[in-house]
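As given in Swiss-Prot:
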- His37: active site, proton donor (ACT_SITE)
- 30-37, 147-150, Val180, 188-191: ATP binding site (BINDING)
- Gln61: beta-alanine binding site (BINDING)
- Gln61, Gln153: (R)-pantoate binding site (BINDING)
Amino acid sequence: MQTIDRLDMLRTSVAALRQGGGTVALVPTMGALHEGHLTLVREAAGRADHVVASIFVNPTQFGPNEDLDAYPRQLAEDCAMLEAEGVALVWAPTVEQMYPEGFASSISVSGVSEGLCGADRPGHFDGVATVVCKLFHQVLPDMAFFGEKDWQQLAVIRVMARDLDLTRPHVAAIRGVATVREEDGLAMSSRNRYLSPEHRQAAAILPRAMKEAIGAIENGAAVAPTLASLEAALLQAGFDSVDYATLADAANLQPLERLAMRPARLLVAARIGGTRLIDNMAVGKV
């Protein structure tokens, strides 16, 4: 497995992988890998001849009061895990490589990026869209894999790829992979390591409360009071605050007051012990 931090070397190495018609899948990450990331790698390996994983802690998607400096960085450990999974190449650029002096461009995806996490983290999805677009242009993958845990991020990336007429990857080849969960149902996240044992135990109420709310909505309960009950359950369990608990259209993320004959998601962001957790689940049978 190669680990590369120069763009010219990346392009040469990817071209070599493509010799003979081999397909290339990209799995973008910020490192601090866990089983959720490795599941993305395995899905990619099952669909492409070669897997390229990127590791880059992207400063432009962190706000001024967020955890950029504290975000875990463990390149050697991450690379060992990726090599064990058969990854062909790790693209680990420096900040200077991605954003050289004079860098002045940004991609903003309106609409789908503006509510939910976008409302609480202004500029976050501009940073996500910009860095992912750069990664797509750098690697030119045939397909790319993202976790469904960050559902809004996945939606933003798909709209960006559609609107910019990207062909590598085409929007249809941007694949979402089901959220990987701990034994108690909590969605795997690099930020879970910030939780104290007490807060980690309390956090397990999040997926349980979401499933209860989904069951109620699917059985005809009114959406607004059901979501209010969900928020109350989280606060009672020890969460500090709930940023949002929303039923939304799965594609455009517009809030829904009732289930319709199209895919929907329940999306929640809540804070416990200073750590912000997000989760989402499908709602309805469509």
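Note: Cβ is positioned from N, Cα and C throughout, glycine not excepted.
From a predicted model like this one, the values you see are computed outputs, not experimental measurements.
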Please tell me which one of the binding-site residues listed here (Met30, Gln61, Gln153) sits closest to the residue listed as 'active site, proton donor', measuring Cα to Cα? Met30
Cα nearest Gln153 ((R)-pantoate binding site) among binding-site residues (Met30, Leu33, Gln61, Val180, Ser190) -> Gln61
Rounded Cα distance, in Å, between Ser190 (ATP binding site) and the residue listed as 'beta-alanine binding site' is 16
Rounded inter-Cα distance in Å - Met30 (ATP binding site), the residue listed as 'beta-alanine binding site': 11
How big is the gap, in Å, between the Cα of Glu148 (ATP binding site) and that of the residue listed as 'beta-alanine binding site', rounded to a whole number? 18
Tell me the coarse DSSP state (helix, strand, coil) of Met30 (ATP binding site). coil
